[in-house]
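I have placed the structure first, in the form of structure tokens, so that the comments after it can refer back to it.
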């Protein structure tokens, strides 16, 4: 066994690139600390000034923060604003011919949308929604769409007329779609006939038909269909209408609706512990302000930058860093249809080269997969345009971080390892690329104005090196405002467990460790923490250690009941290059992985079971379905919805291995 040097690598400090830092918005740690001090000195003044300077208001707000009905906080009270106006109209004077969106379809089609073109298309779409479908301010519109430019038109058209959009990821099942439609009581559903994935048509309209059959969603009056792959689909007379046939008859002038700062902008449903999805409700002004500020601070976005976030718009990352953040800044955002692996694993690197991408934001899962499937693929492309790299969605292990830093960033790009959630609206903890010394797999410090702390259950601060609960102890503008239609669930979910100075604080649900320098490392969900003989061990920490073995391409660890220890560790391991091992080799490999764990974490962290599998079950957003793996490890029947999986055959292959081992 050749245990790599990642343990030492993880301790290494990387300072920002000097040339980049000189021109960055926040150039050094002194400037960062000045901003933090400014926010701490006068919290409301800090946020109020940012809102005045960065957003365009129809009517100024008269109160920065209203905490009278905490935790239902109100920001920028009585201000009037429109998000669509801030993302498009205000840029037209100086940037009407600037590219707003670059789109690349999976079949090789290509589209460039200027801000002037975006303005025209959004206005026509907004008029279509108003005039033909009677969509009004406050109505909910479900968007069940793939990654195409029309999806952005739909989002911004809704915001222009004051409708509340709720995007449902295009990989969700008809049942999941139905649940979200009914919870939101949506008036209109927008979808596409289909899209393209891995070179083949992938149909969406049949899922909508199934969701709506037998009047299962009585609030829905009409459905609007965008033709993308032009395959034969069934239409329901009187309900289904074709966007492409109607939109060009509409005027390209549509005055933006004056919205209150606190008017809901969108709902985005997340998984809930009860099984019922939670409709996370975000406001207009506060959300947009933080989307713009984090683009400026975390990505140091510049006028000529081409920004590429690989997330789907069905997730919060796609909302904030594909659409609203880049467009609020007047930047150019890239949209990609399809997968990273079609036609080959060089697709992303070719795009970075071809479109001269400056700032690149993706998930650790994608990085690990690209590393495993095409470790040397990036060397075939010119990636010199890159200035900042970012990761999102889960903790990134040092092995993946190192490859990303060295091979993609050429050891010159800061990696902004961002921590945030659907509920936070935007980044909460992150390095600043021109200022923050970074460490592999460390989210580093809270952003200015954000009070993130690691606390014990009794509200006391943890000591350096101790694991605790990551909390946010003061309200911030982009925070979740409510769970749609369920105030009690909002309080129970986020403001009912940990108190500081007698007041409940926002509980993120993530575990974290803070070091003596204040740097925060995310351990993972607190429900992804395994209690082994009284010792709380984060599965992400175990996965990071196992991944250091030279034969391990990827792994996922879950806790299983153990009569002696309470819980044991069960690992699903994907070997590099599809390698296989016999019984003797597998026992030796288990021994070697446990040696790494004893060195990295301690002898208490020991794998009890290992299953070598061809792949891990992942959603189309790249998230590993750990609950599913836990059911398999515990030999329970699978009850999870598999419709969101990238490849359901992976589960079948794992189950066949289980049957062989029984």
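Each residue, glycine too, has its Cβ placed from N, Cα and C.
Record features (Swiss-Prot):
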BINDING   197, 198, 199, 200, 317, 533  CoA binding site
BINDING   393, 394, 395, 417, 418, 419, 420, 421, 422, 510, 525, 536  ATP binding site
BINDING   549, 552  Mg(2+) binding site
MOD_RES   623  N6-acetyllysine
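All protein chains considered, the CB of residue 422 (ATP binding site) has 18 other CB atoms within 10 Å.
The highest number of surrounding Cβ atoms within 10 Å, among the binding-site residues 199, 395, is found at 395. A distance of 8 Å separates the Cα atom of residue 422 (ATP binding site) from that of residue 317 (CoA binding site).
Fewest other C-beta atoms within 10 angstroms, among the recorded positions 198, 525, 549, 623, are seen around 198.
Annotated pair residue 200 (CoA binding site) and residue 418 (ATP binding site), C-alpha to C-alpha distance, rounded: 34 Å.
Long-range Cβ neighbours of residue 418 (ATP binding site) (same chain, at least 6 residues apart, Cβ-Cβ under 8 Å): 298, 390, 391, 392, 427, 429, 430, 443. Considering only the recorded positions 393, 395, 420, 549, 623, residue 198 (CoA binding site) has 623 as its nearest partner by CA-CA distance. The sparsest Cβ neighbourhood within 10 Å, among the listed binding-site residues (197, 200), is found at 200.
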